[in-house]
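Undergrad: Pasting a structure below so you can have a look.
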Amino acid sequence: MAVLRTMKLKERLVISLGATLVLLTLLLIVDVQMDFGVANRHLLQQQHQKIRLGNDYDGGTGGGGMLHEFKRKFLQKSNASGSKEASTQAGASQSGGATSGQDAAAGASGGAAGPGTSRSTSTRKPTPHDRYADLQKHLLSDEYSHVIVDNAPDVSRDNPTLAEMLHRKASANASNLERFQLRITKKELYGEQDTLVDAVLRDMIKLPIQHVVQKEGGTQLKLIIEYPNDIKALMKPMRFPREQQTLPNHFYFTDYERHNAEIAAFHLDRILGFRRAMPVAGRTLNITTEIYQLAEENLLKTFFVSPSLNLCFHGKCSYYCDTSHAICGNPDMLEGSFAAFLPNFESGNRKLWRHPWRRSYHKRKKAQWETDANYCALVRDIPPYDDGRRLYDLMDMAVFDFLTGNMDRHHYETFKVYGNETFPLHLDHGRGFGRPFHDELSILAPVLQCCLIRKSTLVKLLDFHNGPKPLSQLMSESLSQDPVSPVLWQPHLEALDRRTGIILQSIRDCIKRNPPGDVDGSETDVSS
């Protein structure tokens, strides 16, 4: 105290200011570590953009809408915990899309709710089926071509096969898989009427297994299945019954992989007309004769008999490869998904791309797109998204992942030989179809932030929504051909119809927020 008294006023002020700065720094560190969300609340960058995300006005939907819902749950909580995902709870009817932004965001238009949800009697009239006549009208004109883009790949032109690009011919005793691989083209994995798809599926289901090897790398157990004539498939074994959902306390990056999700994703990709996922089929194996007796030594060491006298194994991997998370037969019969291998010849190598809307894969940190309202403008300026088809392919991928509920899209691959003007492969869907009563709106972030969708994709979604057959029925009919049918739990099928309506409502919101006269490339503050 005596020292303070002898100090000059100026020195006291300097010391006080220094102490205050130290205290503020400590408070900032505590805020970041404890995730209170104060530090970053006003730090959103304001960058240029090419299309307007919009403010709270929603053009007649009461200030709601998908974009507002996404912004409210993400962009205004930039420092929130990663476990607090943007969501819409189930409750939408499978036939009717939401007629307002609030209804779509809540998924509530009179359908089934999730387990434990109480039902109350209402005197309100049921919401009539919204056929999205406005979107159908916009399809007939170019007025909103900045949102609905006519960029469907023309498979009839400039579409060479891998065989033509690599100057390879099928060998004399070529398998169906080898011939399928050589017929892969620049714009799709297989043609709409390609009969080799069913032949490849049939081989994976019927051919005898010769050898089993655990696939190296990855977070969970996968097996490489080898058949005669150098045919290979990637097996994901069954862990849970169809109706078991994602554990509520699991992050997306620690979720279990589901074999049936791989099967369903292939069928959905084909129904959507993308044809960017390799054929996948279900099959039931005898663990003793078709895995244990054919496996290599490293995998054999992990086999054991459970207290229930079921034959089990767990392999070696990053997650869930131990005795408490073993794969078990019943007692030695095991179901799994079998995905056909992509080409492995040298010139057919693939390029790995980091997905621009990749998640942080961290318990607390958020990715840039989760905090920057103008993030799409940055992506649009970076090759290969600044030109060509790639950005539109990512919109398709977002639609596909939103329908399946897959949050685990961190990278994607393309064939090197075709350069940048080719399609991204749809691979690794094991974390889809886990939450039928929850619609993860953040998966749709590319579409919501860019306000962009392919015309051909929108046409498909409208066809599913308006009939004659909804997407759930088309999926059910397609999946019924698989040996392990029923592949999906009924609530997952119903979720497909509900999510179709949510996507359509999102495009409607985008159109209202981006009238033709507003597309001028000017900067707009969308974070307010």
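Residue positions begin at 1 at the first shown residue.
Here the Cβ of each residue, glycine as well, is placed from N, Cα and C on the backbone.
What Swiss-Prot lists as active site is Asp408, and the listing cites similarity to another entry. Annotation source Swiss-Prot lists Mn(2+) binding site at Glu257, Asp428, citing similarity to another entry. The disulfide bond feature in Swiss-Prot is assigned to Cys312-Cys328, Cys317-Cys321, Cys376-Cys450, Cys451-Cys510; the stated evidence is similarity to another entry. Residues or ranges marked as region 'Disordered' by Swiss-Prot: 77-130.
Tell me about the surroundings of these features in the structure.
TA: Other Cβ atoms within 10 Å of the Cβ of Asp408 (active site), summed over all protein chains shown, number 19.
Cβ neighbour count for Glu257 (Mn(2+) binding site): 24 (other Cβ atoms within 10 Å of its Cβ, all protein chains included).
Counting only same-chain residues six or more apart in sequence, the Cβ atoms lying under 8 angstroms from the Cβ of Cys312 (disulfide bond) belong to Phe303, Phe304, Val305, Ser306, Ala326, Ile327, Cys328, Gly329. In this structure, Cys312 (disulfide bond) is part of a beta strand by DSSP.
Within 10 Å of the C-beta atom of Cys317 (disulfide bond) sit 18 other C-beta atoms, taking all shown protein chains into account. Reduced to three states, the DSSP call for Cys317 (disulfide bond) is coil.
The Cβ of Cys450 (disulfide bond) has 26 neighbouring Cβ atoms from other residues within 10 Å, across all protein chains displayed.
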Undergrad: Can you see whether DSSP assigns Asp408 (active site) to helix, strand or coil?
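TA: Reduced to three states, the DSSP call for Asp408 (active site) is coil.
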Undergrad: Of all the recorded positions given, namely Glu257, Cys450, Cys451, which is spatially nearest to Asp408 (active site) at the Cα level?
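TA: Among Glu257, Cys450, Cys451, Glu257.
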Undergrad: Give me the long-range Cβ neighbours of Asp428 (Mn(2+) binding site): same chain, 6+ apart, Cβ under 8 Å, in sequence order.
TA: Asp408
